[in-house]
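Trainee: I'd like to ask you about the structure that follows.
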Amino acid sequence: SFIGEESVAAGEGSILTDNPTWIIDPIDGTTNFVHRFPFVAVSIGFVVKKKIEFGIVYSCVEDKMYTARKGKGAFCNGQKLQVSGQEDITKSLLVTELGSNRDPEAIKIVLSNMERLLRIPIHG
C-alpha cells in the first residue's frame, strides 16, 4: 500500500492496514518550502502490520540523509546518531511546530500544551 502526505492533506482518505505500506511526504515542510525557509526534507517510512520498520529523511538544503531501522539505530550520512543523555529538562532545548489545523478546539489544545511546557524553565 501507499500513503502520500500531500494527497491526505488535500482531503483524500487513507487507512493504515496490516499490509506493507510506504508512507511518503515528498515535501516535508511545505510551509517552509513555500516561504523559502531552508528546512525542507523528503520523508519516507515503511510500515508492516502498523509498525514502522524503517524511515529515511533527506534534508535537501543540508544534503543530509537520515536513516533509521527498527532495532538497528539511527544514522546521518552513515554516521551513528545518539541522544544527548541529558535527563534534566531544564537544560534541554524545546523546539515545536504549531501545526496547520486552525479549528478552534485544536488551537485550544495546542495552546494548552504549550502553556504547560512554558511553565517549565526550559530553553527555547
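Each Cβ is built from the backbone N, Cα and C atoms, and glycine gets one as well.
Because TrEMBL annotations are produced automatically, they should be read as predictions rather than curated entries.
Quick paste of what TrEMBL says about this protein:
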| type | residues | note |
| --- | --- | --- |
| BINDING | GLU5, ASP25, ILE27, ASP28 | Mg(2+) binding site |
Trainee: On a simple 10 Å Cβ count over all chains shown, which one of the binding-site residues GLU5, ASP28 is most densely packed?
Mentor: ASP28
Trainee: Radius 10 Å, atoms counted are CB only; among the binding-site residues ASP25, ILE27, which position scores highest?
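Mentor: Of ASP25, ILE27, the one with the most crowded Cβ is ASP25.
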